[in-house]
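Worksheet for the structure shown next.
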Amino acid sequence: MEARDATAGAFVSRSGKEQTAKKDGAPRTNTPPTQSRMERIFGFKAEDLSSWQNLVVLLNRPTDPASLGIFRFLFGLLMAIDVTQERGLSHLDYKYLDGAPVCRFPLFNFLQPLPLDWMYLLYLVMFLGAVGIMLGCFYRLSCLLFISTYWYVFFLDKTAWNNHSYLYGLIGFQLTLMDGNRYWSVDGLRRPSIRNAHVPLWNYTLLRTQIFIVYFIAGIKKLDADWVEGYSMSYLAHHWLFDPFKVILPVELVSLLIIHGGGLVLDLTAGYLLFFDATRPYAFFFVSYFHCMNSQLFSIGMFSYTMLATSPLFCYPDWPRRFFAGFPSFLSSVLPLTSAESQPSTSCVYKEVQSAEGQETPTAAKAFKLRLKHKLAAIFTIVYIAEQFFLPYSHFITKGYNNWTNGLYGYSWDMMVHSRTHQHVKITYRDGNTGEIGYLNPGVFTQSRRWKDHGDMLKQYATCLNELLPRYNISDPEIYFDIWVSINERFQQRIFDPRVDVVKADWSPFRPNPWLMPLLVDLSPWRTKFQEIESSLDNQTEIVFIADFPGLHLENFVSEDLGNTSIHMLQGKVIVEVVEEKKNYTLQPNEQINVPAGAYHKVYTVSEEPSCYMYVYVNTTEAALQDNFTKLFEIQERIRNGTETEPLPPELQPLLVADSEDAEVNATDPIVQLFLKRQRRMKEVKKRREAGLLERLERFAVKKYYTIRRGFLMMAIAVRNLAVGLPPLDQLRREVAFANMKGPQEEANQNDPLKDEVGHGEL
C-alpha cells in the first residue's frame, strides 16, 4: 500500500514521507504525488471499497511480513509457557488420574479425557506445536498440532473456560491460515522461496480486528449498570497497586473513577487509539500499564503478556526492520532481517503499473491476477469478522446456557463485569427406593466450583452423581441443589429452584432453563443501604444480607462459635422456626430476633413479595482468640524491652525464646503455639514484602522452575510408559517423588498454612 496498510501506523516517529517510503517493502513504483484525506488516515481509498473486485485486491495487497513474523514468534513462545502453567501440564496427574470417580463438564457429553499417559502425550504434541509456531518450523503442521490438541483440551472442561483461553484458540486458528512463517523462521531457511516474502493484508486485518473486538466489546459489556455504578470490582480498590491513587482520592472514588471508570474508557477507546498514528503512543502507554497491572491483580497466566505482544501489530508492518537495524552487526545472523526488499508472493495481488514506454507491466509476473484463493481469503475474512461481532450477542440462540448472565463465560468478552460470592450451598439426595434423605459435601466428586453458577453444568453434575451414588448403596437417587449467590454485592439469594430434582429436570441448550430462579434486580437499590449498615458496624461484627422467594424457606445452622446471632427484618414477612424449641416467631420490617447458637432454625417467607432480612453475628471464638493474641503480644513486647518483672508460668515460657525455631515445638498451650506460628508467618510475609528486586526475581524463577520441571518429568515418565511399558511400582514411586521435589522455600512452607486460625466464610 502506498500510504500505509489498511490499519497500520507509525511505530517510530518519522516524517510522513519516510513512513510512506518504508511501507510495504514492495517493488517501488511511481507513488501518486497527492493522497486523499481518507487515504492518509486509513491507508486506502474509497475506490478500494467500491466493488467486490477492488475489495479483494485490497485485502490481498502485498504487505511486509516482519510484524506478523515477530508476533508469531512471541505467541508461540507464550503458548509454550502456557502449556506448562494454565493448561495444567504441571498438575495433569491430579486432574486426569485414571480410575478416579470424578464428575467432568465437557462441552459435549461424548468428550472424555484419554488415559493419563496418553493425556501427557497429547500435551507433548501441544507443546511441540507451540514451539514449532514460535520457530516457524514446519509451520502449518505445527499450527495444526497446536490447535487440534488445544481445542480438545478446551472443550473437555467448561469449568476452565475464560475469555483469554478462548482468544488463544482463535489466534492459533487464524495463524494456521496465515503466512506467518515468511519472516524470521526456520521454514524460511529451509525454503528460500518464501523467506521474506510478502503476506496479504488480510493477515493483519484479521488479527487487528480480533484485538479490536476484544477491547471494544469488553467496553460495551462494561456499560452494564453494575459496572458503571462501581459494584463489579469494588474490592480491587484495596490492592496495593492502587495506593498511589489513594493519596489523593478516597477508596470509594478509586473504585468508581479509576477501576470502573478507567477500565470502561480504556476498553472502549483502546482499539481506536491503537489504530491512528497520532494517538498510538498514548495508547501504547495506557494499554501497557493496564496489562502490567492486570498481571499483578489476577491469576490470568500469559494473557497480559499476549495482549502486550498484540499491540505492535497496529504499527507499520516494517517496524521490526527499523528496530533491529540499530543492533550491532555481529548479531545479524540470529536477528530478523533488516533489509527493506521483500520477495513477491503468490498469496498477494499486485497492481499493474505503467512502464517507461507507457505499457502496462505487472510488478510480479506470477501473482498479479486475481485467483480463486484470493477471493476465498476475502470471503473468509469478512465472514470471520462478522461472526466474531455476532457471537458475543448470540445468546438468544443458546438460551439454555443463560443464567443470571448470558451464555457460558468465555466467548462474550464480558471480562470482570460480574463478581459472585456464595454463602450457602447444600446438596440433598433422596433414595428413589427407600425414600431415605441425605446430604453431600458440596463439590464431592468434582475438582471445580464453577458448576454452582451454571444450569448446564449443574445438570451434568446431577447426572454424574446419579451414576456414582449407587456404588454407595443409594438407589436411583434424586438430587436437589440449594445454592445461594450474591452477584455484584446484591442480596444473597437462590439461583436455582431447590424443589427440582435436577436429575430428571428438563434442560436444552436452545430453551430457557425452567428451574432458574430470577435475579431480584428490583432489590438492587438496597446496596446503598448495605454500605451504610456495614459502615456502622465494629470490626468484630459480621453481616449477611438475604433475600428469599415466597413459599420457600432457608434452613440454617448457627455454629457455636457465632454468639449473639440475630435476624433483622428489612422487607416482607417471615416466620422463624427454632427447631429445638419447637417455637415459631413472626417477623415484619424493623423487627428482629436472636437465634440460638449450636442449633438449627428455619426462616419461611410468607409474604406475597420476596422477603429481605439480614443476619448479624459476632464470631465470639475468634474475638476471644484475638484478645488472647493481643495479651500474648503485650507480654512478648515487655520481655523484649526488659520491662516484664513477673515470672512467667510454664505454658508461657516459650515466649522467652519466641525467635527460636523450637519455640513452637516446646509450646504446650495450643493458644501459645498458634500465636508463635502466627508471629513467625507474619515475619516471613513481612520479609517477603520487603525483599529486593533481585530476591523477588530469584524466588519467582525458582518457583517457576520447579513447576515446569515437574510437568516435563511427569511427561517423560508417561512417554516412557507408553513406549516400553510400566516399570516396577517402587521405581515408579521414586520417579514421581523425584518429579515432586520442590524448592527449599516451598518445602518449608507447603505444610504450614495457618489452618488453625478461626474463620467463617458462611453461617
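Cβ atoms are placed via backbone N, Cα and C, with glycine included.
The compositional bias 'Basic and acidic residues' annotation in TrEMBL covers 15-26, 753-763. According to TrEMBL, the domain 'HTTM-like' annotation covers 60-319. Annotation comment: TrEMBL describes 1-37, 742-763 as region 'Disordered'. Residues or ranges marked as transmembrane segment in TrEMBL: 120-153, 201-220, 253-275, 282-305.
Remote same-chain partners of the transmembrane segment (120-153), defined as residues 6 or more beyond its termini with a Cβ less than 8 Å from a stretch Cβ, comprise 69, 72-73, 75-77, 79-80, 82-84, 87, 89, 92, 111, 114, 168-169, 172-173, 175-176, 180-181, 184-188, 714-715, 717-719, 722. Counting same-chain residues at least six beyond the ends of the transmembrane segment (253-275), those with a Cβ under 8 angstroms from any Cβ of the stretch are 7, 9, 208, 211-213, 215-216, 218-220, 222-223, 227-230, 232-234, 236-237, 242, 245-246, 282-284, 286-287, 290, 311, 314, 416. If one looks beyond the transmembrane segment (201-220) by at least 6 residues along the same chain, the residues whose Cβ comes under 8 Å of a Cβ in the stretch are 1, 5-8, 58-63, 67-68, 71, 163, 167, 170-171, 174, 178-180, 264-271, 274-275, 307, 310, 313-314, 317, 377-378, 381, 384-385, 388-389, 392, 412-415. Within the model, the domain 'HTTM-like' (60-319) carries an average pLDDT of 95.
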